[in-house]
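Heads up, the thing below is written out as structure tokens.
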Amino acid sequence: MMTQSIRRSMLTVMATLPLLFSSATLHAQANSVQQQLEALEKSSGGRLGVALINTADNSQILYLADERFAMCSTSKVMAAAAVLKQSESDKHLLNQRVEIKASDLVNYNPIAEKHVNGTMTLAELGAGALQYSDNTAMNKLIAHLGGPDKVTAFARSLGDETFRLDRTEPTLNSAIPGDPRDTTTPLAMAQTLKNLTLGKALAETQRAQLVTWLKGNTTGSASIRAGLPKCWVVGDKTGSGDYGTTNDIAVIWPENHAPLVLVTYFTQPEQKAESRRDVLAAAAKIVTHGF
């Protein structure tokens, strides 16, 4: 009886002061999330950046979201999107074939190495770069666009003044602390990823192709996806580099909720540090709790 009375009293207070209660609750929840992310970062021994956008109301959860981090292979999303943008005015572009030579191969080429002395279409290169993180595929996309600066120019055309791509694979993964090359911020990347996959940055056909590629990613099972309910749909792009840099950027479709856009960037002090995908999974679990 006493429990029921307490519940009725709480409901009365909530009904009488909904705005005050809601504001206090949200503030407490936000503080809890920040504290959990801070504790995660401290225990990991590295630097963690997180940006989550809830597209239901455009609210955000941010942690070091305005600090620069090396993008590593998450930059492949921008290069692939730039080619998709070109295809809006050239319907045959994605079928254009690109020669693959043995001398093109770099340090990680799971798809391109199967096509040495042959060709791949730009569509195949886009899929290889995004779904298998093929570095030769990324370099071919960059070459087609005219160089890293053209990828940056595409970002600027979207209103992203933060993204910068300076090098090709694999040197763009050096992730030297304090080096601004090949970096962005979690918030800038989250906003751009939202525009590319859920907004109007690309025409519908091209937007759908980008989302399809991201949903088909094969490299993200231990990163953001590992921190989410199995029934949620995820499209993501991972990245890794020196200094134990471990990244993942994702569009997430929870059950019965508007999409979420989540960027998790993590780096460490030692150049030879191991990747920490578990940190990204833990961060994803923290910021998506309650959705």
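Every residue gets a Cβ built from N, Cα and C, even glycine.
Within the same chain, the residues at least 6 positions away from Ser73 (active site, acyl-ester intermediate) whose Cβ sits under 8 Å from its Cβ are Ser133, Asn135, Met138, Asn173, Lys237, Thr238, Gly239, Ser240, Asn247, listed in sequence order. The active site, acyl-ester intermediate annotation in Swiss-Prot covers Ser73 and is backed by sequence analysis.
The annotation substrate binding site is assigned in Swiss-Prot to Lys237, Thr238, Gly239. All protein chains included, Gly239 (substrate binding site) registers 26 other Cβ atoms within 10 Å of its own Cβ.
Summarising the annotation, Swiss-Prot assigns signal peptide to 1-28 and lists similarity to another entry as the type of evidence.
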